[in-house]
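The structure appears right after this line, and notes come after that.
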Amino acid sequence: MAHQTMEEDLNILEMNTEPCNNSNAKCAKTAPPQAQNNLTSSTVTKKCPFLVTKVHRQMLRSFTANLKEVVFGTKLAVLFPAVPLAVVADFYSLGRPWIFALSLLGLTPLAERVSFLTEQIAYYTGPTVGGLLNATCGNATEMIISLLALHQNKVNVVKFSLLGSILSNLLLVLGSSLLCGGLANLRKEQIYDRKQTDVNSLVLLLGLLCHLLPLMFRYAIAGEYPSIATSTLQMSRASSIVMLLAYAGYIFFQLKTHRQFFDGQEEDENEEEKAVIGFWSAFTWLVGMTLIISLLSEYVVATIEAASDSWGISVSFISIILLPIVGNAAEHAGSIIFAFKNKLDISLGVAMGSATQISMFVVPLSVVVAWIMGIEMDLDFNLLETGCLALTIIVTAFTLQDGTSHYMKGMVLFLCYIIIAACFFVHKTPLINEA
């Protein structure tokens with residue numbers, strides 16, 4: 001049951017409050033209309049202390065209930081102390097690697113709670129607006145990190161983190177979901193609707209083409225034209241605009257014309273659940289947590305090189321593997337839970353939907369924002385990174401082509417992610433093209 005707003009609480013209290021014990025004064029309810037209009041907050045405080053106390057108790061009760069649902073409603077709540085510790089570490093300059101580690105730990109529960117709050121708001125706004133909110137807030141951590149890294153002209157960090165988010169969703173999140181779901185439902189036939197996966201695979205292949213063309217363009221005419229970098233940048237910007245248009249069409253397709261492809265079991269699941277906090281409470285918590293995510297993301301971007309040097313781990317491994325795992329904590333947990341319940345349509349929608357959002361919305365948006373900021377960011381993610389992306393999309397498309405699932409499919413996807421993680425762990429990629 002959603003909590004009432006402050007105005008509703010005050011109205012109820014004013015209607016139900018009895019006269020004060022003070023014989024010389026009456027409460028607002030018994031006063032004439034003219035006297036009610038002239039009552040100030042201090043008068044109410046003096047003459048009706050019971051009313052004010054009850055309001056304060058109601059506010060405290062509402063805040064406590066919201067705190068219990070938002071902060072302590074997840075098993076990741078044990079990581080929340082890392083948030084103030086990261087701020088303290090930065091304030092006292094305790095060491096940049098420590099700031100990075102604490103910020104990374106603090107981002108994990110915040111990313112999961114942002115997804116939860118977005119779902120709560122969606123109960124009040126309806127499925128259409130709720131879908132748009134999920135599209136924009138579901139990957140809030142990745143978008144904030146990307147924008148902050150662009151502001152500091154760390155283009156490679158942006159590319160690595162966004163690429164890693166796509167790989168994480170398609171291989172780690174989806175692979176572990178199919179693996180756990182298959183092991184938990186060994187004696188059940190696991191089936192899903194191929195229509196949803198076919199649409200997502202098609203859109204991901206379009207995004208892959210837009211990533212491959214700048215790379216092939218650079219290798220095809222390398223050495224022939226001195227302005228190859230300028231041509232690649234211009235083509236990347238044009239491709240980004242096309243990708244954003246394709247994503248807008250994808251959203252319209254998903255929420256309007258062919259919504260039945262994406263609803264599936266989700267409608268039954270939503271019918272069983274109700275909002276646990278009010279709309280404005282959820283909105284306020286969402287804004288607050290987004291601000292905290294921005295602060296911690298700034299710490300992460302500013303200290304990533306120091307953490308890399310201190311730990312002996314390449315920036316590419318941190319950006320492609322560690323950061324996406326933190327940003328995809330909500331998708332990872334939710335997808336596995338639905339797979340355990342043999343609701344693969346929802347698991348596939350979570351994993352592939354998030355990958356599609358990053359590939360077709362966040363990546364081209366970063367290119368356009370960099371263009372506006374005067375920063376040269378293109379869609380050329382280098383040979384190794386683009387090759388990993390291509391093989392990941394192809395393997396995922398082949399894995400989901402028959403409409404059935406078992407734990408072996410999940411194991412293959414999960415092991416593919418382990419191999420790619422090992423590759424970037426041993427590959428020391430220098431941070432080039434950064435001022």
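Each Cβ is built from the backbone N, Cα and C atoms, and glycine gets one as well.
Taken from TrEMBL, the feature domain 'Sodium/calcium exchanger membrane region' applies to 98-255 (among others).
The domain 'Sodium/calcium exchanger membrane region' annotation in TrEMBL covers 282-425 (among others).
Annotation comment: TrEMBL describes 70-92 (among others) as transmembrane segment.
Here TrEMBL flags 129-150 (among others) as transmembrane segment.
The feature transmembrane segment is assigned by TrEMBL to 162-186 (among others). Sequence-distant neighbours of the transmembrane segment (162-186) (same chain, 6+ residues past either end, Cβ-Cβ under 8 Å): 139, 142, 146, 319-321, 323-325, 327-328, 331-332, 335-336, 338-340, 342, 344, 347-348, 350-352, 354-355, 358-359, 362-363, 366, 381, 385, 388-389, 392-393, 396, 405-417, 420.
Same-chain residues lying 6 or more positions outside the transmembrane segment (198-217) and placing a CB less than 8 Å from one of its CB atoms are 228, 231-232, 235-236, 239-240, 242-243, 246-247, 250, 253-254, 258, 261, 348, 352-353, 355-356, 359-360, 363-364, 378-383, 386, 389-390, 393, 396-397, 400. Feature annotation from TrEMBL assigns transmembrane segment to 198-217 (among others).
For 237-255 (among others), the entry in TrEMBL reads transmembrane segment.
Feature annotation from TrEMBL assigns transmembrane segment to 276-296 (among others). Counting same-chain residues at least six beyond the ends of the transmembrane segment (276-296), those with a Cβ under 8 angstroms from any Cβ of the stretch are 1-5, 62, 65-66, 69-70, 73, 83, 86-87, 103, 106-107, 110-111, 113-114, 117-118, 120-121, 124, 137, 140-141, 144, 148.
Proximity of distant same-chain residues to the transmembrane segment (311-330), defined by a Cβ-Cβ separation under 8 Å and at least 6 residues beyond the stretch ends, is recorded for 76, 97, 104, 107-109, 111-112, 114-116, 138-139, 141-142, 145, 156-157, 160-161, 163-165, 167-169, 172-173, 300, 304-305, 354, 385, 421, 424-425, 427-429, 431. Under the heading transmembrane segment, TrEMBL lists 311-330 (among others).
Residues or ranges marked as transmembrane segment by TrEMBL: 350-375 (among others).
Positions annotated as transmembrane segment by TrEMBL: 381-400 (among others).
The transmembrane segment annotation in TrEMBL covers 407-427 (among others).
Same-chain residues lying 6+ beyond the ends of the transmembrane segment (350-375) with a Cβ under 8 Å from its Cβ atoms: 135, 138-139, 142-143, 146-147, 150-151, 153, 155, 158, 162, 165-166, 169-170, 173-174, 177, 196-197, 200-201, 203-204, 206-208, 210, 236-237, 239-241, 243-244, 246-247, 250, 328, 331, 334-335, 338, 396.
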